[in-house]
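Presented below is the structure to which this report refers.
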Amino acid sequence: MPKNSKVVKRELDDEVIESVKDLLSNEDSADDAFKKSELIVDVQEEKDTDVGERSEVKDERPAWNSKLQYILAQVGFSVGLGNVWRFPYLCQKNGGGAYLLPYLILLLVIGIPLFFLELSVGQRIRRGSIGVWNYISPQLGGIGFASCVVCFFVALYYNVIIGWSLFYFSQSFQQPLPWDQCPLVKNASHTFVEPECEKSSATTYYWYREALNISSSISESGGLNWKMTICLLAAWVVVCLAMIKGIQSSGKIMYFSSLFPYVVLICFLIRALLLNGSVDGIRHMFTPELEIMLEPKVWREAAAQVFFALGLGFGGVIAFSSYNKRDNNCHFDAVLVSFINFFTSILATLVVFAVLGFKANVINEKCIAENSEMIIKLVKMGNISQDIIPHHINFSAITAEDYDLVYDIIQKVKEEEFPALHLNACRIEDELNKAVQGTGLAFIAFTEAMTHFPASPFWSVMFFLMLVNLGLGSMFGTIEGIITPVVDTFKVRKEILTVICCLLAFCIGLIFVQRSGNYFVTMFDDYSATLPLLIVVILENIAVSFVYGIDKFMEDLKDMLGFAPNRYYYYMWKYISPLMLLSLLIASIVNMGLSPPGYNAWMEDKASEKFLSYPTWGMVICISLMVLAILPVPVVFIIRRCNLIDDSSGNLASVTYKRGRVLKEPLNLEGDDASLIHGKISSELSSPNFGKNIYRKQSGSPTLDTAPNGRYGIGYLMADMPDMPESDL
């Protein structure tokens, strides 16, 4: 081989980037010129200074400090506020213990296989969502961009909930708690209880009036709520500081933010079990109503909960797994994290219903006391005969069982006149059947229960600190789903991008801290994520199973994991999961069409909620949120299908890896006559797709890595390509 490297370069195939080890496996031992030529040597011990003068090594791709840190990050992302306030609500609403069976079945059919799928592609290709789907199919590259858009929409309002939790956390250091009693209003003549609070409750009044200072409709802005604005700013500052160094900073915080909620939940469970009535709540929770389990709505809601509980489609799962080693057992991770998520939901449900059982018992005792006094008055007035009251009944210390007996007797004797007596049944089951979900569970029901706890400020501080940590864990994954793919694709500095992203999100998020902001939170929660995420995950499944090929993907997994995954996943990915996801998508569209679009507005004069329809501009926003979230998919497809933009720039898909490091391509190649191999400049690189022979593996070196990026890169996808003929050299 001549020493003139320009001659050598003309003989090389422009479409092939060979690894040094592969070249060495074919070299002639007598060819001194080949040995003396300058190469980019791909070995673990190589230093950055060993790279050719014209090839500048960029920052190494960071990696998790430990497997525990990675697992905690995935758990922190998947375990969020929904485990505390949505899962218990759905469990109560859909048959109690009977709901757990559909949920568990769908976790095995949809949850674990799709979670494993995202972990696998992220770990194998070692890029964020944009890079992963660009690489698998450039025409489906819009999937990654859609994930980023959805992540941004969700981050906008999710951090508002963290801001609410921070506000309640800051107000919990008071004895008594500020939402313990209704405020008093003074006028010239006398003092009286605030009418709005008296009609509702102290905790409800504090939430709507003191915390949110809510307006009566979404059209009535009312200006910024300065208290919540400060809390939102604090929430974004915390997220920005935690994410500014990527996983190097957020990974360490995960030790606290992921583990602390479990400490609080266990403490709450122990404390709640010692309270009167907690067992009634748990018994009510797990009393199965098997007939409800047969309703299609139960399965639809269980599937949706499985889907969102694991964070599928957001890109956070892919982003976190992209920092793993190539041989990490991501199958074990998928099963472990999925079941940790499930058992966390069960633990949170036990805590919620133990507390709600105690709250229901307190309310029931108050109800019995008030109605017992009313019965005594009715007896004295002669409306009820003393003879029908059993002699053993002592109204000064009446039990729930005795009250039920008296109530049933009076109801039978005074059958026609009974409604006029205005007596209440006072049954714990009636209180527990009052379904409370979302913010109402955390900021109204739980806060009311904690006012009856001994040392209530301590438990309030612990509870809202737990909510903050649960929210931050999910926010880290959501922001990572935006930052990682953008950094991988456009090669911007992570610190600058993180600050810009958080600052922009805070500015847009000001619409959520108006007096009408709670209504916008409801709007974004209902319309910005549900359908777009379903479509994203369906396209992910199709891209891997049918575009890339499920058989080839299973071989890749075998090569990566060191063992062949169970054929169960083959059938799930190819047949069952796509059908289940399409069914869920159709059911969600039908349900959205049948449900009138609107929100529950707080009416100050009635001190209760009233359902209102969105105005015309509100409907435009709802539709725009869904369209904008999914718009990148068809736009990128059309652009690349019709070649409307020259995709050879490398901006969206092209990248060169070297043992986990991104290489900056040389800007000037002509002056470097000593280099044997030169990478193309970015303008010459083509989009990575499976039709191009990007990497090839030599049969003479079966134990060596398949690409210059070694075990960490994307070259594995070309491992089964035919050997390169010697004529190519």
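Here the Cβ of each residue, glycine as well, is placed from N, Cα and C on the backbone.
Taken from TrEMBL as is:
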type	residues	note
BINDING	Gly76, Val79, Asn83, Asn341, Leu470, Ser474	Na(+) binding site
TRANSMEM	68-87	transmembrane segment
TRANSMEM	99-119	transmembrane segment
TRANSMEM	140-169	transmembrane segment
TRANSMEM	226-247	transmembrane segment
TRANSMEM	259-282	transmembrane segment
TRANSMEM	302-323	transmembrane segment
TRANSMEM	335-356	transmembrane segment
TRANSMEM	458-483	transmembrane segment
TRANSMEM	495-513	transmembrane segment
TRANSMEM	533-550	transmembrane segment
TRANSMEM	571-594	transmembrane segment
TRANSMEM	614-639	transmembrane segment
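Shown here: features listed in TrEMBL, placed on the structure.
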| residue | record | Cβ contacts under 8 Å, 6 or more apart |
| --- | --- | --- |
| Gly76 | Na(+) binding site | Met254, Ser257, Ser258, Leu472, Gly473, Ser474, Phe476, Gly477 |
| Val79 | Na(+) binding site | Ser258, Pro261, Ile340, Asn341, Thr344, Leu470, Gly473, Ser474 |
| Asn83 | Na(+) binding site | Ala309, Asn341, Thr344, Ser345, Ala348, Leu470 |
Taking a Cβ cut-off under 8 Å, which residues six or more beyond the ends of the transmembrane segment (302-323) line up next to it in the same chain?
61-64, 70, 73-74, 77-78, 82-83, 86-87, 90, 94, 99, 102-103, 106-107, 110-111, 114-115, 118-123, 125-129, 132, 144, 147-148, 150-151, 154, 247, 330, 333, 337-338, 341, 345, 474, 476-478, 480-485, 488, 529-530, 533-534, 536-537, 540, 580, 584, 588
Inside 10 Å of the Cβ of Asn341 (Na(+) binding site), count up the other Cβ atoms and send me the figure.
25
Do we see three or more Cβ pairs under 8 Å linking the transmembrane segment (495-513) and the transmembrane segment (226-247), pairs being at least 6 apart in sequence?
yes
Under a criterion of three or more Cβ pairs within a distance under 8 Å and sequence separation of at least 6, are the transmembrane segment (571-594) and the transmembrane segment (259-282) in contact?
no
Any chance the transmembrane segment (226-247) and the transmembrane segment (335-356) have 3 or more Cβ pairs under 8 A, given the pairs are 6 or more apart in sequence?
no
Between the stretches 259-282, 335-356, 458-483, 614-639, which one has more Cβ pairs under 8 Å with the transmembrane segment (99-119) than any other?
335-356
Folded-back contacts onto the transmembrane segment (335-356), same chain, C-beta under 8 angstroms, at least six residues removed:
71, 74-75, 78-79, 83-85, 87-88, 91-92, 100, 103-104, 107, 111-112, 115-116, 262, 265-266, 268-269, 272-273, 275, 278-279, 281-282, 284-285, 309-310, 432, 436, 441, 445-446, 449-450
Taking pairs 6 or more apart in sequence, does the count of Cβ pairs under 8 Å between the transmembrane segment (68-87) and the transmembrane segment (614-639) hit 3 or more?
no
Other than Gly76, Val79, Asn83, Asn341, Leu470, Ser474 themselves, what residues in this chain have Cβ atoms within 8 Å of the centroid of the Na(+) site's Cβ atoms?
Val75, Phe77, Ser78, Gly80, Leu81, Gly82, Ser258, Pro261, Thr344, Gly473
What residues elsewhere in the chain lie close to the transmembrane segment (458-483), defined as a C-beta under 8 angstroms and at least 6 residues from its ends?
73-81, 83-84, 128-129, 147-148, 151-152, 154-155, 158-159, 161-162, 165-166, 168-169, 172-173, 177, 238-239, 242-243, 246-247, 250, 253-254, 256-258, 260-261, 264-265, 267-268, 271, 311, 314-320, 442, 446-447, 450, 494, 497-498, 501-502
